[in-house]
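Features as listed in TrEMBL:
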type: BINDING; residues: H180, D204, H206, D208, D306, D308; note: Mn(2+) binding site
type: SIGNAL; residues: 1-22; note: signal peptide
Amino acid sequence: MRFKTTLLSAAWCGVTLVGAHAHHEPDAEIPLHEREFEKESAEGLEKKWGFEWSFSGVSTFAHLEHVRCLTKPDTPFDIGILGVPFDTAVSYRPGARFGPRAIRAASARQTSFRGFNTRASINPYSSWAKVLDCGDIPVSPFDNAIALAQMTSAYLELGHRSSLSSSLAHPKIISLGGDHSLALAALRGLKKVYGKPIAVLHFDAHLDTWHPSKYPTPWPSKQADFTHGTMFWTASNEGLILNGSSVHAGLRTRLSGSDWGDYEDDDTQGFLRISSDDIDDLRPKGIIEKIMARMGTETPVYLSVDIDVLDPGLAPGTGTPEPGGWTSRELIRILRGIEGLNVVGADIVEVAPAYDGVGEQTALAGAQVAYEILTSMVKRGLVDMGKVSEVPKPTVKGGVKDEL
């Protein structure tokens, strides 16, 4: 709003106002509440009240504009943050249905006015891409068959939309889980949209390529085959995953039975395995080199990050914690090093805030992972446009340090 003020003329008393004396003293101003009110323009209101601090505003991811994308087909976007609050396909601790809410809250310090990513020389929130918080899929907590159908339908719907930028054939979705089983729905959608199998880069303590029979039960059912540990087995058997180009990273799981049968099943599905221990010998740079050599820069990739790839001492808020994991620093460095991948979709899953610490460290890690993936998607878009970055890096004495 704008207020009218009355300037008092000093001419009547023979005083000429010059220099600094021409400015009103604070005590000479009319109090705000006593001034004549005048309505402000919409532009003026937006300028005055459209700003948000990190601790203010309704909780969306990184204070992004919130649009229920599934119900707004006429609102185009390039990258959507989509919540998938589903956790009834887990084998141990439930609670990841609250993951999207926790990750959004933990992203509060990510803002467009302080979002510049120095490693990529871009601010993903103010670059070429239209990024929206697309809200949540209202997934049924009662019927897993219906839930899977809902998730698949949502990915098909959004994947077939037109992106805002002409540089993208389809909008890209970063999903906030929810348990890891959502990846099956996402891959079904991507296979339909792109018309071919998708390579999977899978950060996780566990294989998630287990044959359903590896979960023994005297009450078998077809629906029980759908879990957060079998979804890649199902996806592989449906021809959704590009055999021979996919990678597991951060593994440290125990195997079924008394032999290597789980690895043999995994080999059949065409995954390269990188264990958590490998980082001691290869360091992040070596892990990056193995991933890039396997996947290349042109193959469409689905990037799936189970937060339990991190050590539970650093990220306790998850459903199936395994000691001996990577640090958040190591994971972030690896994510930064693989920015050349052609990522067409991604997820951050298994954040279960009920088991998190008081400092929300697991959710914070999840929010940072989402930021790094988003940055790489935007950076890849610039590369595809023939640009290296938007802001040249400054010259550093002694050369630029390789952060890897």
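We count from 1, first residue shown onward.
Glycine is treated like the rest: Cβ placed from N, Cα and C.
The 10 Å shell around the Cβ of H180 (Mn(2+) binding site) contains 30 further Cβ atoms across the protein chains shown.
Within 8 Å of the Cβ centroid of the Mn(2+) site, not counting the listed residues H180, D204, H206, D208, D306, D308, the chain contributes H202, A205, H228, G229, V309, T320, V349, E350. One residue stands out among the binding-site residues D204, D208, D306, D308 for having the most other Cβ atoms within 10 Å of its Cβ: D308. Around H206 (Mn(2+) binding site), the same-chain residues six or more apart in sequence whose CB sits under 8 Å from its CB are G229, L251, T253, D306, D308, T320, E322, listed in sequence order.
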